[in-house]
Amino acid sequence: MTRTLTPKKAFFKPGILSTAVAAALMASSDFALAQLEEVIVTATRRSESMQDVAISMLSTSGDTIKDLGITRGEEFAADIPAVTISQSPIGNFIFIRGIGTSGVNQGIELSTAMFHDNVYMGRSQLLRAPFMDLARVEVLRGPQGIMFGKNTIGGAVHMITAKPTDELEGSISALYGSYGEQELTGVISGPITDTVSGRLSVRGYKLDGYLDNILTGNEGPERDDQTVRAQLAWDATENLHINAKWENSTFDQVQQSTQLSVFDAFGTGISFGGLNQALVAVGSGGDGIEKLDDERAVTNDGGAVLGLVAPGWAGLPGFPDKPELSNNSMDVGTLTAE
């Protein structure tokens, strides 16, 4: 008996195989294009990839902050894990991983710090700086004493502003809402000479308030904020670049919410935690008024020293704060306990 062997057919035909290989190559190319871009941060005082930094940190780009409409620290912290920023009549308080400083002492140093272009913002009042025209915001979790000095036990939040550009660019945005809410932000940046470029950022915000004080007849909480930032970048030499910045912010607020406390013979200072904080000030006979003028001048230069880039920062923040509170017409017997 003669057995005839018939060759088995290939599972993939040449044409199908070549198509599959081409599709796989295209998918690989698409996957490469879909990969995230490298994130460059300066958490260790030098520019490097975020993946190479041995620090627990997060970085958010300025474009993302702008697209989300974030303009204040409280709004930013709402989207960042383990970070809380709250506002009080005295100032803002920041907590990272539950570590921070709270209280009514305006002169106290914070244990979780905020930096603005490498300048230490050590007072709670300065945390009201708006998130305007930023390149990115870096959140460093855990102690940062080696790179950022004292008062960073809980961590640090570093705001890096957008720098002047070599090409002319600009933007303008406006917001209008209920209760007289208005916001206008404008940015223009570009070259001035062959070696000097500049950037100007302006923001104004106004809110008439959504609560009525039945005793004074005023509305609140009322806000009127203005911020102006000017920057100059000078390429002095091939190895020396100098960036100078001046910024001024003014915050006027009326009828801020306050926490009422119990004054007893034992000095326990128990608070009325069940009261709505947004309504506490309404029953007051006066309006809490605060005027904060925050002015900063910063110089950043980088030069070549022994072949290494040596950046240097010099900053001088100033913040005259004028809080006013008048509750002399409030009946002291309104909230008492026998």
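Heads up, the Cβ atoms here are built off N, Cα and C, so glycines get one too.
What TrEMBL lists as signal peptide is 1-34.
In this model, the domain 'TonB-dependent receptor plug' (51-156) carries an average pLDDT of 83. The domain 'TonB-dependent receptor plug' annotation in TrEMBL covers 51-156.
The region 'Disordered' annotation in TrEMBL covers 317-338.
For 325-338, the entry in TrEMBL reads compositional bias 'Polar residues'.
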The domain 'TonB-dependent receptor plug' (51-156) - residue tally per DSSP class, helix then strand then coil: 22 helix, 35 strand, 49 coil
